[in-house]
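**Student:** Before I ask anything, here is the structure I am working with.
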Amino acid sequence: MLLNRKELIVKTNFSQYPIQIGNGLRHEIGSKVAHYQNVLIVTDKNVAPLYLDEVKKSFSSQQSVASFILPAGEASKSMEWYSKLLDACIAENLDRKSLIIALGGGVVGDLAGFVAATYMRGIDYVQMPTTLLAHDSSVGGKVAINHPEGKNMIGSFHHPVLVLYDIDMMATLPHQEVRSGYAEIIKEACLDDQELFMKILSIKPGELIENQGFPQHLYKGMAIKASIVEIDEKEYGVRKYLNFGHTLGHAIETELGYGKITHGEAVAVGMLFAMWVSERIYGCSLPIQELKTWMKHQGYPIDDWNELENQALISRMKKDKKALDGMIHMVLLKEIGSPSVQAIDEKALLKHLQDFRSEYLTFES
Ligand SMILES: NC(=O)c1ccc[n+]([C@@H]2O[C@H](COP(=O)([O-])OP(=O)(O)OC[C@H]3O[C@@H](n4cnc5c(N)ncnc54)[C@H](O)[C@@H]3O)[C@@H](O)[C@H]2O)c1
Ligand SMILES: O=C(O)C(=O)C[C@@H](O)[C@H](O)[C@H](O)COP(=O)(O)O
Ligand SMILES: [Zn+2]
């Protein structure tokens, strides 16, 4: 797919950085970071054989460029790999003027970003997203690793100095990963763009990345994310909206075991549930049925969490980072484009979950 090069600038209280999106950008990274002498590229086992050499070739012989290859998948966002990556930073003699490059999806970006945030109390890093989902994870500076008890429990806010998104690299993405990434674009549309939401629902089965509107959807999703981050960098207010679908989504990911379901697919189920709760709390009417049917036709595994117990999921949701004083805080919608945060007690949420699941499993698709 071809896209005229685009640039967004993210401006927060303490940082400012460009997001550059376009074709072939992986061949240009070296010249864009030519002022760094010592560079460590972090990537994973699937991405390395596809793109690592091309990225390395873009550097000049004056720069020292090392690489570190993680096992692919969510399980690498762990204390173990965090520690191993820190060891590599020390072994490669990275100093405060060195650069880490995260070449990969959200797993690589979150882990490498957290290492960059904490190594020598913080060094520069670049996000080079290679998945569709990473249109979201590469922007905004949330970096983290998981704890067995909860997603992203140990982390920081540390913005990259550059997001360089070569969309050609998505040509090799498995379909499941495309689906996963589109779920976060749907999230962004739900928060701020009814027209985008409707356009996505008109994409035919199996044509997610092939549909003509794809580059525009991607760009709009990133622009929505960036605009929210600019207003509320540290999630005191509106940034919470970016957690739409994540209260149940993260609970499913943790309860199933990291990597059993993709992040976006878990968030997809979480968005249906959040819409369901929204209708019950606000008395509004949302396109839950339409979204569920569309997801089914696109192959989202929206039943893969059926074996999980309600009480176990509620216990996970109580550990959500937005939970306060024993209340679970969920992002709900009054309509598409109009989010809000609602405190819900455990008992009420359990009832919503039970009702959702009994109707969800039967409501037509
Ligand atoms: N920091 C944030 O704001 C934020 C936002 C959203 C999600 N996340 C996190 O992001 C993670 C999920 O990211 P993800 O979905 O990108 O997962 P991922 O990084 O595990 O990538 C998914 C799979 O695709 C493979 N892959 C990556 N690029 C490829 C390519 N171009 N061609 C072929 N295969 C490729 C990977 O090796 C992996 O197997 C989760 O941990 C989630 O919590 C963070
Ligand atoms: O950038 C944000 O803010 C988000 O919430 C984006 C989410 O898509 C992402 O999954 C994030 O990592 C979740 O954050 P968490 O604080 O709930 O762990
Ligand atoms: Zn997410």
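Just so it is clear, glycine is given a Cβ too, placed from its N, Cα and C backbone atoms.
Below are the features listed in TrEMBL for this protein:
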DOMAIN    68-179  domain '3-dehydroquinate synthase N-terminal'
BINDING   Gly106, Val107, Val108, Gly109, Asp110, Thr130, Thr131, Lys142, Lys151  NAD(+) binding site
DOMAIN    181-323  domain '3-dehydroquinate synthase C-terminal'
BINDING   Glu184, His246, His263  Zn(2+) binding site
**Student:** Name the residues of the same chain, 6+ apart in sequence, whose Cβ is under 8 Å from the Cβ of Glu184 (Zn(2+) binding site)?
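**Tutor:** Correct list: Leu133, His135, Asp136, Gly221, Gly264, Val267.
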**Student:** Measuring Cα to Cα, how far is Thr131 (NAD(+) binding site) from His263 (Zn(2+) binding site) in Å?
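**Tutor:** Roughly 12 Å, rounded to the nearest whole number.
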**Student:** Tell me the Cβ contacts of Asp110 (NAD(+) binding site) under 8 Å, same chain only and six or more apart in sequence, or just say none.
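**Tutor:** Long-range Cβ contacts: Lys77, Ser137, Lys142, Val143, Ala144, Ile145, Asn152, Gly155.
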**Student:** Taking a cut-off of under 6 Å between Cβ and any atom of ligand 1, tell me which of the binding-site residues Asp110, His246, His263 pass.
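**Tutor:** Listed by sequence, the hits are Asp110, His263.
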**Student:** What is the number of other Cβ atoms found within 10 Å of the Cβ of Val108 (NAD(+) binding site)?
**Tutor:** 31
**Student:** Of Gly106, Val108, Asp110, Thr131, His246, the binding-site residues listed, which put a C-beta under 6 Å from ligand 2? Please answer none if none do.
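**Tutor:** What lies within reach of ligand 2, judged by Cβ under 6 Å, is His246.
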**Student:** Among residues Gly106, Val107, Val108, Gly109, Asp110, Thr130, Thr131, Lys142, Lys151 annotated as binding NAD(+), what is the maximum Cα-Cα distance? Answer in Å.
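**Tutor:** Binding-site diameter by Cα atoms for NAD(+): 21 Å.
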**Student:** Val108 (NAD(+) binding site) to His263 (Zn(2+) binding site): how many Å between their Cα atoms?
**Tutor:** 14
**Student:** Give me the DSSP three-state residue breakdown of the domain '3-dehydroquinate synthase N-terminal' (68-179), ordered helix, strand, coil.
**Tutor:** 47 helix, 34 strand, 31 coil
**Student:** How many of the residues that make up the domain '3-dehydroquinate synthase C-terminal' (181-323) does DSSP mark as helix, as strand and as coil?
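**Tutor:** Breakdown, helix to coil: 95 helix, 0 strand, 48 coil.
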**Student:** Looking only at C-alpha atoms, tell me how far Lys151 (NAD(+) binding site) is from His246 (Zn(2+) binding site), rounded to the nearest Å.
**Tutor:** 10
**Student:** Between Gly106 (NAD(+) binding site) and His263 (Zn(2+) binding site), how many Å separate their Cα atoms?
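**Tutor:** Each residue's Cα considered, Gly106 (NAD(+) binding site) and His263 (Zn(2+) binding site) end up 9 Å apart.
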